[in-house]
Each structure stands twice: as structure tokens, then as C-alpha cells.
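Novice: The structure that follows is given in the form of C-alpha cells.
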Amino acid sequence: MAALRALLLLLAVGAQAAIRFAKEPYSQDALHGRSAILRCEVEEPAHVEFEWLQNGLPIQDTEQRFKEGSNLQFAAVDRHRDAGSFQCVARNVQTGEEARTANASFNIKWMETGSVVLKQPASAAEIQPSSTVVLRCHIDGHPRPTWQWFRDGAPLPDGRGTYSVSSKERTLTLRGAGPDDNGLYYCSARPRAVGSVCSQDNFTLNIIDESFPQAVVVPEDLIVTKNEEAMFDCQFAAVPPPTQEWLFEDSPITNRSKTTVFANGSLLITQVKARSTGVYKCIGHGQKGKALVLKATLRLAEIEEMAPFSPKVLTANQGHRVSCACPRGVPTPQVWWERNQERVPTAGRVYQEAEQLVFTSITEADAGIYTCHAANKAGEKKQELSITVATVPKWVEMPKDSQLEESKPGYLHCLSKASLKPTVTWYRNGVSISEDSRFEISENGTLRINNVEVYDGTMYKCVSSTPAGSIEGYARVHVLEKLKFTPPPQPLQCMEFNKEVTVSCSATGREKPTIQWTKTDGSSLPSHVSHRAGILSFHKVSRSDSGNYTCIASNSPQGEIRATVQLVVAVYVTFKLEPEPTTVYQGHTAMFQCQAEGDPVPHIQWKGKDKILDPSKLLPRIQIMPNGSLVIYDVTTEDSGKYTCIAGNSCNIKHREAFLYVVDKPAAEEDEGPSSHTPYKMIQTIGLSVGAAVAYIIIVLGLMFYCKKRRKAKRLKKHPEGEEPEMECLNGGTLLQNGQTTAEIQEEVALTNLGSSSGASKRHSARDKMHFPRSNLQTITTLGRGEFGEVFLAKAKGAEDAEGEALVLVKSLQTRDEQLQLDFRREAEMFGKLNHVNVVRLLGLCREAEPHYMVLEYVDLGDLKQFLRISKSKDESLKPQPLSTKHKVSLCTQVALGMEHLSNGRFVHRDLAARNCLVSAQRQVKVSALSLSKDVYNSEYYHFRQAWIPLRWMPPEAVLEDEFSTKSDVWSFGVLMWEVFTQGEMPYAPLADDEVLAGLKSGKTKLPQPEGCPSRLTKLMQRCWAPSPKDRPSFSELAAALGDSPADSKA
């Protein structure tokens, strides 16, 4: 019984572990040289590995065919390599269970060009007049094409009785062929799906009839100098003998003073001028057949000036090649090199190869003047080239550790020699030193520090370099510190009477100095005064403590220094009467009282509306009284504002502020007489106004506190790590900018179903405008799966207000996750708001049924990643026009412009990469968001903290702290630039995902400089990867920098 239960348990486990395919590969059409994909998915992918077989054998990843996730991706289908059946094998690594899909294969459509060959007779020599000639076209393809024959560029018309065409045999049969059938024969094929091609090596039929004129001597093209004679030889043969004539510019040539036609058919031209040059025709006429025309060209010899050379500096002990551009000339000039009027040999350590001067290993003895000569019948030209050989510098005097005295000039020597004067650069703590008021670098490389300071005591490096290389030396500077006060004591200091006061004195030197205080007059310090470690302490200041005191700092090697301080005993300023806020009627008198006491007696000064009131420049109605009060007569509204009383003596200053409020006198009170200048009603009115203002402020602060607390609770619930939302994110979530929320309530209303009825109606009207009928979509193919669901290509009727069909990208929402649904709506809202040539447009939404669809703009070449990979392919039949540096800069500039528009709209992408940009055949790039993280580009995403993230494109703050911003998009843009210049390579390809994550945490992971990438653009990438987001450039700066970048600058 127990055995039976165990067996049933094993069967149950086996039933649960059964592998079931969700998607299987199916047979399909494919074009040779174009991309394709075979898909394979299981319902439960946990612990399942995938393997692909071709004809039963495992497939190894190559550049053209590789596994992407569980799918088999073909960058370029090959009709030979990819023939046969493919099968997907899914294997559970825990249970060992294995399942296989049915076989699938490609129906590969292709076209291969070929030549036209003679099938009958066996050789061209056997062709006789009136015989049968059969030609065969060697163009083939699948599906089988249709053929057409041509002679001398014209298609052979149907229905002629002199020839027949066989499509089955791909042949052209000429019956009774004669001289009239002579010509160049070729064929073309028109397949059903691939495009038309023409034959490459074609057949020329030339049947000879004795009555037709035949060329015996063919005139040859001639190049002569001016006033030289030219002779064209021409002779024909036929039975009976043919007649012959010469034409120049289609005019017959007769015997004249400068042209002679001889009996044997030759033409002589004497004293050739420019007007004599051109095409000459020798024409033979036979009894039968067409006239035979032979052409020859007469040209004058000429040679242009040579382009001058720039002096060259070549590195010693290395191989070098110097080219001499051949000047244009007729005939083509001969080029050679000379040195010291001797021709450079064609072999040896220094030799000439074609038009190049070659140094196998250049030495200093090879420096000098080399001359490039070019000559033909028209004459000779030459240009001189100065070559300097650069050697690596050698030390004359290396930098040495030095002791420099503070506040005096100091020198560090760096003397070297080389064949070229070395360039000397000094570094301080690894940072290059630029010449300024403190540092000077002399012509021999010596560094002068004009005024040595204590912090100059550090490590210095000198680099001496030439084009051949560099040497470097180090020196540590020890500063001999002078004996000095740090800081020097203030010469006049105040002490508050009857208080405990300390006066400090500190000094430094080569040795720690001893510090003492004495009275300057030599008398001893009072008993209530003590000093210790440079601090002079007065336990209770008395009047007698005023006087001069001297601080003495000394050490044994440097002696002593002194500083005298005058101490003044004073009573600090205090206010007896302070100005108070005052409210008066317009036209009345206002008075601010201000009295202060201290010793010395304080001086009172007033400041009105941030300006000092000078008694000598005041208006007559404004007076400062002897007791310090400020009186303003006949006040106006312009007198309203802040007034400050400033009281000070030689030891301290204090101030107090008060406001003057000027109000209009009520009309009813103006008739009550002088006794009503300060009525109770005015005080009551002011009190009510102030009370209302205070109540308003309290209510606002209370509401702000309540809202902030509510938002914080909501934020903590939504963001467990406490980050604050800020801007819209393309892929969901909200972001932080400067620690403050931005447009939080507005965006919440715009992107959810909450809000007032009027707001809801506006949103519904906008959404109705974006509605797109699901019935107008016709699915073409699935591109892959992302977080939201399946992404596919479709034909859309009436898209973009067009009558015809358009190719569109459709993203489906197939998830029940509320956060992902919100992210889907946010993405649609974002693309609906953006309108830029380098950003894809939202064309419509399908929401009348599930799943919801987002219909986006699509372009013909697909995503930028695949485009870059194909452009790097070694298969010449696949590769489009090669990508130059100019093209790569253009691609990056367009992405920067699109992202500039996106960031200006306060959006953040969060997944910017080449895979998420689209490119057209015209190489126009558009920022999109395919995000095929589930299959096609699964290897470019990493599962981290319950989410799939593009780890290799993200900055540390986004990965580790979940802080996304425009500056995190800038980091991703730098990686995208790296992808463009490596043509689709994976960032950090040698590293596993865990190693990349560890590198981001430590800050040590760096992407290498792409091969052939200009240094200026490499520095721009490095700016994008600055550790601190605030140090990264904006997209506007990036677009401007790329727009100004010289496309062909050297790396």
C-alpha cells in the first residue's frame, strides 16, 4: 500500500512538472540577408533552460545567428547555413525533464546573379555565318524568376522568327545567325519577391562576312605636345576592297596644309593646336553590311602644379610612409623621390614604393629635405618636403626633492634634451600647473614658485615630451616654514568693562614656538590677568587694564617675533529707548525715539528704507534730534517703510528696526478737529486688520501642514524608501528634483479618473480625439514582449489622418498590475503631449475592449540596435552604406534633440538605449519606448528588487537609491553614444550583471573608449558619466556640443 502511495506521489509530481509550450516556432517565409526570429516560450519558465537544434544538432551563437532569451534571433538569414529544420528544446534543470517543439523551417527567398555563356556551338571560334547560336542565362533564384534578353542595351522584342526564347532552359536560340545579329547579349531576371538583377559577364557575338568591312589596323589614341605632329594609322579589308574616309567632329577631312590622308588610309596632322584635339573617326564602307567606324582621340599633353607639402615630424626608430600625390596630367605623370639630387632607390632601409617614400626604421640621419618629382610629355613638376626626426627626451637634470623657504621664490629644475625641443609640463598633486602670478615655467623647463606658501609642500611631477615619447620625474617639496603669527593679532581690540575677556595670540614656525605676553612698557601683568598657551585672560576687566600689550613668539632656530596690541576698555552699547512701529495719518507728524548708552558715548545714526540718512542732506521736514530721535513732519505714503536706528561707539555697534505705516485719514473724522488725530476707531480698524491677517496666516499654515503630512503618509505608503515624487516618468513612477514635489496635484488629476466633472469632461473629449478603431488594425508580426504585454507591428487604416494604410507599432496592456496599468496610461499621456521630429508620436488609443492598445508611429528600419549590428556585419550582402563618424554623430545628435524636447516637457525616460530608438532608411532617429524586456532584449535587463531594470544603462543613484531625473537620462545617453560608436556592442560585455552592480557601487566600472571615436566625443561621454548628477551636462548642452563637433576629427 505504501509503495502504491509513493508511486502516486511521484506521478503527481511528474504531472505538475510537465513542461508546456506557450509559443512554438513555426515555418515561415524569409528573405536571404534579412532579419528573422523563431520564438519559443513555456508557460512556467522557472528553472527552465532553452536550447535550439538545427537538423538535430545544437546551434552555436554567432554574430548572424544567436539566442536572445529563449528565442532564436537571425540578424541575417543565409539560404545555405539556415536551410533545414529548427527545433526548440526546453529543459528543467531541477527535474531534468525535457520537451521539444515541432520542427520549423524557413522558405528562404533568394536571387543569385550569373553570366551569359555560349551553349552551342562549343566555342566562339566555331560560329559560322547562317549557323545556329544558343546562349544560356545563368541567373537563378527562389521562387523561380522570369527572364528577358537584351542586345546592345535594347530588349529583344517578342514574336521575331529569327530567334526563340526558352524559359525552362533559360536559353536564347538565334537561327541562321549572321553579321546583323552581332552585338552584346545579356539577360535580366525579375523574381516575384526579391527585386530584379542583371547578368554580370555577358557575351559578344561577332560573326564575320568577307563582304563586310573588317578592321586590319585600328587607330590608337594619341597624346602629343603643342605644335608636334600626330599620325593616325587605319586600314580595312573586304571582298571587294572597301572604301575609306576620315571625319573630325563629324566633318570629312581632306588633304590640306595641316592634314594629309595617305593612300594606305593613314592620317597625318601637323602642328597640333588645342583646336585640333578631339575625336577622329576612320570609316570603312564595304559592298554589304554596315559601315565600320573606328574612333581615336587626339589630346594635348599637360601637367598641373603639385600641392605643397607641410613639414613632417617623424618618430625615431619607427616605420613611416610619406605619400606624394600625383598631379593631374595627360598622360599620367610618373612620380619619383630624390634626396641630395639622387633618386631614392626601390629597395633598402629607405626606399620608394609606387608614389610613397618608405622608412623601415627612421634615424636622426634621415632628417633633411626630400623632393618629390612628377613628369610626363608636358614637362616636370617638383615639391620639397622637410622631414624632422623626433627622438625621446633624455635627462640633463632631473627634478629633485627640495627644501624651499616660505615667502621666498623657489625653483624646481627639469632639464632635458632631444632632437626637437621638448615640451615641459608640470603637475602638482596630479593636476597640471598653469602659469599665473605664483607659478612660472621657463623655456628650459624650470618651475619657479614666486612666493612659496606652506601648502606648496607636496609632490610635483615634470613631464618632458616630444612627438617620439616622453619621460617624467618626481620631486617632493618640503616648505621651511617661517616664524609668523597665525593670524597676526588685531592691533586695536576692545574689552567690555567688568566682564571676563580673553585675547588670543598664536604662531607657527619650523619648530613649535613659545608664546608669551608682556606689557609694552615693561611693567608686570596685573594679578587678575594670566596667560597660558598664547591666551591672555582678564578675569574681570577694569579701567586700568587699558594699554599696550606685546605678544612674543620664539623658537631656537628662528629667534623671536613681536606683535603689539592696544587694548581699550569700554562699556558696550545698549539701548535705553528703542524705536517702535508707528502708524500715522497722511500729513501728520511721525516720531521714532532712540536712545543708547555706553562708554565711549554712542553715536546715533538713522537709516531709512535701506539708505543712510545724512543730516546735511535731509529734506526740511525730516530731522534727527540731538537726543537721537527721528522726526518726520507732514508724512506721505512714500515715507512708509522700515527705519533703522544705529548706535555705535569705538568698540561695538547695535541697531534696532521699526516700521512706519502711513494711512489715509477717514473723511468723517476730518471735520472733528485737531483733537481726533489719534482716534480710537483707527486703532480698532488696524487691530481688526492685523487680527484678520494673523488668522489667515494661521489657517494657511495649518492647511499646509495638514497637506504635507497627508502627502508624506501617501508617499511613504507608495514609496517605502521615502523618496518624494516629482516629474512624470516615461516608464512609470514619479521623481525627485531638488527635494521638492512638482505639479503633484495637477499630474495626479491628469493621469487618473479623479477630479471635477468639468475636468473629467475635458479629459474625455481629449481621449475621444485619440480614439482609434481596433477594427482598423491588421497585425503583421510580433516584435516581442515587455512589462505591459505584447508589442507588435500592424497596418493601420486612416492613421495620421491619411486615407491609405500606414505601418504602426502597437503596445498592448495585458497585465492586471495596477502600478503597470498606471504606467501604461502615463506613457500614453506623455507621447500624446510630445511633438518633435525625433520623438515617436502617439497616433491613437484602443480602449473599447481589453487588452487596451497604444498605437505609436513606426519607421521602416526598426530599432537602432539592430541597425547598428547589421552595419557592423562582415557579410557585404547585408551591410548598408558604411557608418562614418559623421553618420554616427548625426544619430547621436538626433537622439539628444529628441531627449531635449522630452526633458523640456518635464518627462523622464528611464530606459534610454539604442534598442528603444527607431531609425528610418533616411537615417532619421526617433526616441521611442519598445522596452522588449521579456524576450528579444531580455539579456539587457537585470532582475533587481522585484523589478526588471536596464542595469548597464543606469547611473548609481538610479540603481541604488531609485532616484531618477533628467540627469539619470543623460547618463543613459552617454551609454547610447558608446553603443553607436561600437556599433551595437553590449556595455561591460566581459562582466556579469553582479560584477556590473558591484562596479556601480564602488564607482570603478568604466566603459572603454570606442575604437576610432574622436577624443572630443569620448570626453563628452565621460561628462555624461560624472558621479554627481549636477556635474552632468543638460540635453541642450549635449545637442549643441554634438552639433558643433567636427565629424572627422581624429581620435
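Note that Cβ sites are derived from N, Cα and C of the backbone, with glycine treated the same way.
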Novice: Among CYS187, CYS198, find the residue that Swiss-Prot gives as the disulfide bond partner of CYS137.
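Specialist: Checking Swiss-Prot, the candidate bonded to CYS137 through a disulfide is CYS187.
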Novice: Pick out which of CYS414, CYS494, CYS505 Swiss-Prot lists as the disulfide partner of CYS462.
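Specialist: Swiss-Prot says the disulfide from CYS462 goes to CYS414.
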Novice: Of the cysteines CYS198, CYS234, CYS372, which is paired with CYS282 in the disulfide recorded by Swiss-Prot?
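Specialist: Disulfide mapping in Swiss-Prot sends CYS282 to CYS234.
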Novice: Need the cross-check against Swiss-Prot: the disulphide partner of CYS551, picked from CYS505, CYS594.
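Specialist: Here Swiss-Prot pairs CYS551 in a disulfide with CYS505.
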Novice: On a count of neighbouring CB atoms within 10 A, which of the glycosylation sites ASN103, ASN255 is highest?
Specialist: ASN103
Novice: Validating a neighbour-count step here. Other CB atoms within 10 A of the CB of ASN627 (N-linked glycosylation site): how many?
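Specialist: Excluding its own Cβ, ASN627 (N-linked glycosylation site) sees 10 Cβ atoms within 10 Å.
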Novice: Limited to the domain 'Ig-like C2-type 1' (23-105), I'd like the whole-number average of pLDDT.
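Specialist: Summing pLDDT over the domain 'Ig-like C2-type 1' (23-105) and dividing by its length gives 92.
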Novice: Taking only C-alpha atoms and a 10 A limit, tell me which of ASN264, CYS372, CYS594 are near ASN627 (N-linked glycosylation site). These are the recorded positions.
Specialist: CYS594
Novice: Long-range same-chain neighbours of ASN264 (N-linked glycosylation site), Cβ under 8 Å, sequence gap at least 6?
Specialist: ASP233, GLN235
Novice: Among CYS282, ASN548, CYS551, CYS594, these being the recorded positions, pick the one whose CA is nearest to that of ASN103 (N-linked glycosylation site).
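Specialist: For ASN103 (N-linked glycosylation site), the spatially nearest of the recorded positions is CYS282.
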Novice: CYS372 (disulfide bond) to ASN444 (N-linked glycosylation site): how many Å between their Cα atoms?
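Specialist: The separation of the Cα atoms works out to 37 Å.
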Novice: Taking the Cβ of CYS414 (disulfide bond) as the centre, count every other Cβ atom within 10 Å, in any protein chain shown.
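Specialist: So the number of other Cβ atoms within 10 Å of CYS414 (disulfide bond) is 28.
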Novice: List, in sequence order, those recorded positions among CYS40, ASN202, CYS414, CYS462, CYS645 whose Cα sits within 10 Å of the Cα of CYS137 (disulfide bond).
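Specialist: Near CYS137 (disulfide bond), where near means Cα within 10 Å, the recorded positions are ASN202.
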Novice: What Cα-Cα separation, expressed in whole Å, is found between CYS551 (disulfide bond) and ASN202 (N-linked glycosylation site)?
Specialist: 109
Novice: So of all those recorded positions, CYS40, CYS414, CYS505, ASN548, CYS594, which one's Cα sits nearest to CYS282 (disulfide bond)?
Specialist: CYS40
